[in-house]
Each structure stands twice: as C-alpha cells, then as structure tokens.
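See below for the structure under consideration.
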Amino acid sequence: MPDLFPSLKYHDGLIPVIVQDAKTLQVLMFAFANEEAVSLTRSTGYAHYFSRSRNKLWKKGEESGHLQKIVRICVDCDEDCLLYLVEQTGCACHEGYASCFFRTMEGEVILPRLKDPADIYSR
C-alpha cells in the first residue's frame, strides 16, 4: 500500500487536522500540523500539532496530561486534510470539555464541563 505522506498538500506549511474519538467518533477538535508535527505524530504514536498563535510545535497533552494516542490517520481525497482517530486521555478541550465543540452558534453549552481549566493547567 502506498505511503501518502510525501504527497500531502500543505498550505503555507500547514495541513488541517480533524480529530475524532476512535470509539465514539465524536469530533474532539480541529488543529493544524506542519510536516514536522505529522512526522512526530507518526513516529511517536501521539498527536502533535503546530500552534499558529504561539508559532510552535506542540504535543497534545504535554502540559495537561490529556494525551491523544493515535489509533489511525486518514487522509482526505485531495490529500490536503488529515483525520486523526485517537484514544483521548482526559479532555480534548483546554476549557475542560470532552470536545472543543461544546457550544452552539447561539452560545448554548451542550456538553458538560469535565474539568476546571485552572485545575488542568496548574500542574
């Protein structure tokens, strides 16, 4: 089976990554990865991303302990977006929710907060 890694299409050095829980298929988050982050994700088995706001590579859960163990990586038909299916430890969202998609466009919170963000990052 061919390895599509070399043919991935990055825009301004980044590729979008959608993250889903491997068991429930709940969408957990959306992030960007650069080539180094994708390579580290593949070699370590844990999700790595590139933060546009901090302009740096980061391993999900490095500070919080809320790691994302990779179960499978899928690439879309245009080879310009990735899907990480993960085993999530703790919360995916830095605001303490299981998913970053915890509210509607109207502002209604539709998921329970699992952790206080102050407790997550006070380690």
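Placement of Cβ uses the backbone N, Cα and C atoms for every residue, glycine included.
Cβ-based neighbour count (10 Å, all protein chains) for Asp76 (Mg(2+) binding site) stands at 13. Under DSSP, Asp76 (Mg(2+) binding site) is assigned to coil, being neither helix nor strand in the three-state scheme. Summarising the annotation, Swiss-Prot assigns Mg(2+) binding site to Asp76, Asp78, Asp80.
As annotated by Swiss-Prot, Zn(2+) binding site applies to Cys77, Cys93, Cys100. For Cys93 (Zn(2+) binding site), applying a Cβ distance below 8 Å and a minimum sequence separation of six or more within one chain yields Leu28, Met29, Ser99, Cys100, Phe102.
When each of the binding-site residues Cys77, Cys100 is scored by how many other Cβ atoms sit within 10 Å of its Cβ, Cys77 comes out lowest. Of all the binding-site residues given, namely Asp78, Asp80, the one with the smallest number of surrounding CB atoms inside 10 A is Asp78.
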